[in-house]
Protein chains: 2
Amino acid sequence: MAVELRTSQALKLLHDLALDQVRDSEPDLTQRQLAILLTVYLEVPPHTVRGLAAKLGVTKPVITRALDTMGKLGLVTRRRDETDRRNVIIQRTVRGSLFVERLGDLVAARARELPV
Amino acid sequence: MAVELRTSQALKLLHDLALDQVRDSEPDLTQRQLAILLTVYLEVPPHTVRGLAAKLGVTKPVITRALDTMGKLGLVTRRRDETDRRNVIIQRTVRGSLFVERLGDLVAARARELPV
DNA sequence: AGAGAATAATACGCGGGCGTAACGATCCCG
DNA sequence: CGGGATCGTTACGCCCGCGTATTATTCTCT
């Protein structure tokens, strides 16, 4: 059975989550950075710069810069593809896994708190 | 009954939504701007700069700037409070209402598409 | 009426993401 | 083996949001 969520519930969920994130003042990822992060952690590897750029519909420098930033935060790592050294493989990290899982838990918890 | 959402479902929902937003390349609100917008549209008026700043835990210039930006986008309007002219009342707009409702519908639709 | 508090806006310099254009490294294939 | 294609990165100038400090306006209270 599908997840049932009314429009009003969806908006309240978004509101709660936005407030959470604003108040916690965490690293504060861009929407693009989040899209990249979740793609890396939810979809099957391998992930390349070019592949991510195509999937998101953005240019490659956008991906490179986002990886730079998230790399500094320890959320993601880069490795050269040895079979084709032009490619770069984006890899998950322990810290990134924790970050993503914590994010999912937060959303699920907020959803559970929604009024019926 | 509460909305049931597993962590994996929550993450997929976030992923889908992030991809939607990145690909549509819409106005692209900041997390803070979204928090302000949803507060204005979901909570009971009146809303002031000071009140929003306190609610989000940010400084007043953050609110002023966000209102400037969203004002240009037509999502929100400002009006002087006539009973205390120091205050500014933030008001909803037709365009903002449509934007918010469309956002809620999108989230609800994506939630409904989630695998069981 | 006047001093002080409160409100929102503005000024300033900083950091970071953006798009376009260029670059170096690596591969492919005739 | 060498020219062209492919991949990721870097350079450049631009814009925008940020935090702090300051300003202008309005209210409050004696």
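In case you wondered, yes, glycine gets a Cβ from its N, Cα and C as well.
Here is what TrEMBL says about this protein:
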DOMAIN    A:1-116  domain 'HTH marR-type'
On the DSSP side of things, how many residues of the domain 'HTH marR-type' (A:1-116) fall into helix, strand and coil, could you say?
70 helix, 12 strand, 34 coil
Within the predicted model, mean pLDDT of the domain 'HTH marR-type' (A:1-116):
95
